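Trainee: First the structure, then my questions, so here it is.
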2 protein chains.
Amino acid sequence: MPSMAQEPAQARLAQSSLSGFPEWLPAGRLVEQSFVDALRRTFELHGFSGIETRAVEPLSELTRKGETSKEVYLLTRLQADPAEQDGQEGTADPAKQLGLHFDLTVPFARYVVDNAGTLTFPFKRYQIQKVWRGERPQEGRFREFIQADIDIVGDGALPLHYDVEIPLIMHEALTALPIPEVTIHVSNRKVAQGFYQSIGLGRDQLIEVLRVVDKLDRIGAEGVRRELVSSVGATPEQAERALDLAGISGTDAREVARAVRSALGGAEPSALLAEGLEELSDLLAAAAARRPGALVADLRIARGLDYYTGTVYESFMAGHEDLGSVCSGGRYDSLATNGKRTFPGVGISIGLSRLLSRVISAGLLEVSRPVPTCVLVAVADEEHRGASDAVADALRSRGISADVAPTAAKYGKQIRFAAKRSIPYVWFPGQEDPDSVKDIRSGEQVEASASTWQPSQHDAAPRVLPAGVPAGTPAGTAPTAEPAPAADGPR
Amino acid sequence: MPSMAQEPAQARLAQSSLSGFPEWLPAGRLVEQSFVDALRRTFELHGFSGIETRAVEPLSELTRKGETSKEVYLLTRLQADPAEQDGQEGTADPAKQLGLHFDLTVPFARYVVDNAGTLTFPFKRYQIQKVWRGERPQEGRFREFIQADIDIVGDGALPLHYDVEIPLIMHEALTALPIPEVTIHVSNRKVAQGFYQSIGLGRDQLIEVLRVVDKLDRIGAEGVRRELVSSVGATPEQAERALDLAGISGTDAREVARAVRSALGGAEPSALLAEGLEELSDLLAAAAARRPGALVADLRIARGLDYYTGTVYESFMAGHEDLGSVCSGGRYDSLATNGKRTFPGVGISIGLSRLLSRVISAGLLEVSRPVPTCVLVAVADEEHRGASDAVADALRSRGISADVAPTAAKYGKQIRFAAKRSIPYVWFPGQEDPDSVKDIRSGEQVEASASTWQPSQHDAAPRVLPAGVPAGTPAGTAPTAEPAPAADGPR
């Protein structure tokens, strides 16, 4: 009797013939789909509406922030008529030229403006879609990948309690996945900007300070200190203060606030810093009450602070800190505007393909089988295929996935067909005798009726589990720990 | 008390600012997602594995059939380095130039070849993804749309019983949707080619005969007769015979075979015709036994016969025949080949966006609410937001979608917030008193505990229903009937 262990998901990895465009074999896709389903379930339980936006946006929309413009894939029609005036491609006008979206935030902001008259605010939406970035192939980055975003957007104003809800919902969603624990790190633009302001760094130096502090993991404290002085023009004392700020982390709201004030070294906190600290403290206190351990203040975060206007999120997976931030986001007071109305938003985004690729290639997951099929119905001979079809239909009508053997080969060969796909049961229509069903892992065969038989609960659908962990155990954390590197930047 | 009728889905239609790129408002997306879920469920019950392929293929792969080459969107990188030698875009080499896929068959064939060493055959896969066609904008066609495909592919050989299973599974999947009844029409390349051969039309005339017969709905029998004689070179007698063949339809295997032989007008049936008639008869007989009324032979089908090698499918929705074929497919003896091995396949594909767009814009559907939210938890004042959050979390932990009011406004305003989104229940945390929950449609308010209360079964999740039909009633068929026009061609 063939014995079937659970299959490591990585044995079924993508076989992509185009660099940067990952593709999964059926077992890998099954894992991906199970992750998408789990995320969607959590988001919907919290009242988020699912939307999809078109894959393309006008280039003018995509390059509003110049920084990302070099990653855009532009579209042209293979046989576009050069004389065609109303075509939206092949033209130099960036409002008519189309490109593939590189994230889900730009399209969502445009969608909010397009539909501002119909949507109800605050509008909570989730969006799980592929995005594309025209990276150079040699960089070994994904050029096509799935992002999973949640955002809440208001009309004119958006209460601050949503800054707490967004990361907690995402943490709940990530906790439902069979992956190592993820911790969400938070900072606040107003804290950083207010702090630098309080110690006498100018508004015009902010972006440069953030750029240098962001290098902390790569060049170390000494390197940051030197560069803040030499290239940003900070005094040694100011550089020291900035490093003190970057060293602050913790979950206790009061301790974090106290540490920030102490890092000022006697300087008077500006109004902006006080406002930021109050926001950050409220966030930490509310998060600690609702989901202890999910959120930690981390004032080393510099990436994204030039873009977001308040709270900022980055997230790290235990044992996989080298991957950088697995989900990032923040609050932007002007996510979208149509001239008359402004729509503030707060959101967070998972780079799902990158996360999935890591946990699969690290061997962290197993799938119980790569096909949905629970039962293979054997065929005695082609004249009796109809009887096997009827058994399969009866099973399906009760929600049990069934397939019928492709040919009326010898039963041993039909059982091997099932074993090769890890289908756990083979059904033998009985003709005159009663039907019987065999668990081909144990070899146990019992009489059964297609209108009443049930598989074991574990066998009903393919399961995705942490590798080497018995069914039902929550995801373990990988034992290795590497130093936290620079995060992967804002969405 | 606000009274809320179910909302017609068309009131929530797309608001797309780019012609040809449809986008749905949340209610429309909810319908789309429910259709995708229902299709997936049926496909998985039948043992199909879900896969996704990358959105791009090399141009050389996309233009293997020259016919569709003009619909391809090509990709270029916005700031591609002209000196870059290893880039896969911006080059004239069609093996390196990338384009967006225009269907799911070309990528699937390539995927089978790429992974032939790992996949197990016969391989049953479903694939539900967006595809893109660079249509001229003025044609008013979709340039981005969802296709839902099932295919079964063999290694070397593929049993004929799969020609029966594929359309029956698709019919089962379509029947699970709240749309008018769909009937799948079948023909067979060997019947058509064998028939024309038997009446003395040459092999080289086949494509032209098919092209003319395909115009039957547009130019009528007289027009077809004239054109077969004038431009194809058929005799009047041969033209008459071809029209007789095109007039044959029915569900009874023997009657159809008899009618075809009679249409020969005494000519001897060729071996190919005999083979085709046997295949078609077996298909009709098996389909009639398993799913009466799902399949009908229709020898007027001409589109796709130049491509497929055996059975061909087209499908029409009752009352919406003007839409053309809503799902099409067939058997191709050489779906894919890697030089050494040939992979025959049989499959069928739904143009999901087009189908959805029709049923929504025709007002055939209603959604019970546009948000997943079942309960809005009211907030007495901001100090007690934590209590409302706890109620919502308790409901969610039992699978009930819940949202918390955005602000502690007056209860009347919070109820209006729920009513505007068609959220059926508002929950009032009781502080010292017990909690209570109000059905805001009836106004009925009862004491409740967040750890035990259940909504009515109908309210648990948003429902998509045929318009004007009470819950639980199967989809009705629209009363109008228009003449069946030319079908929409092969996938």
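Heads up, the Cβ atoms here are built off N, Cα and C, so glycines get one too.
I grabbed these lines from TrEMBL:
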- B:Asp103, B:Leu104, B:Thr105, B:Arg133, B:Gln147, B:Asp151, B:Arg303, B:Tyr307, B:Tyr308: L-histidine binding site (BINDING)
- B:435-444: compositional bias 'Basic and acidic residues' (COMPBIAS)
- B:448-457: compositional bias 'Polar residues' (COMPBIAS)
- B:466-491: compositional bias 'Low complexity' (COMPBIAS)
- B:21-355: domain 'Class II Histidinyl-tRNA synthetase (HisRS)-like catalytic core' (DOMAIN)
- B:375-448: domain 'Anticodon-binding' (DOMAIN)
- B:434-491: region 'Disordered' (REGION)
Trainee: Could you give the number of helix, strand and coil residues in the compositional bias 'Basic and acidic residues' (B:435-444) as assigned by DSSP?
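Mentor: Helix/strand/coil tally for the compositional bias 'Basic and acidic residues' (B:435-444): 0 helix, 4 strand, 6 coil.
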Trainee: Express the predicted model's confidence over the domain 'Anticodon-binding' (B:375-448) as a mean pLDDT, rounded to an integer.
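Mentor: Averaging the confidence scores along the domain 'Anticodon-binding' (B:375-448) gives 97.
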Trainee: Helix, strand, coil: count each for the residues of the domain 'Anticodon-binding' (B:375-448), based on DSSP.
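Mentor: Per DSSP, the residues of the domain 'Anticodon-binding' (B:375-448) fall into 26 helix, 17 strand, 31 coil.
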Trainee: Take the Cβ of B:Tyr308 (L-histidine binding site) and count every other Cβ within 10 Å, whichever protein chain it belongs to.
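Mentor: The answer is 22.
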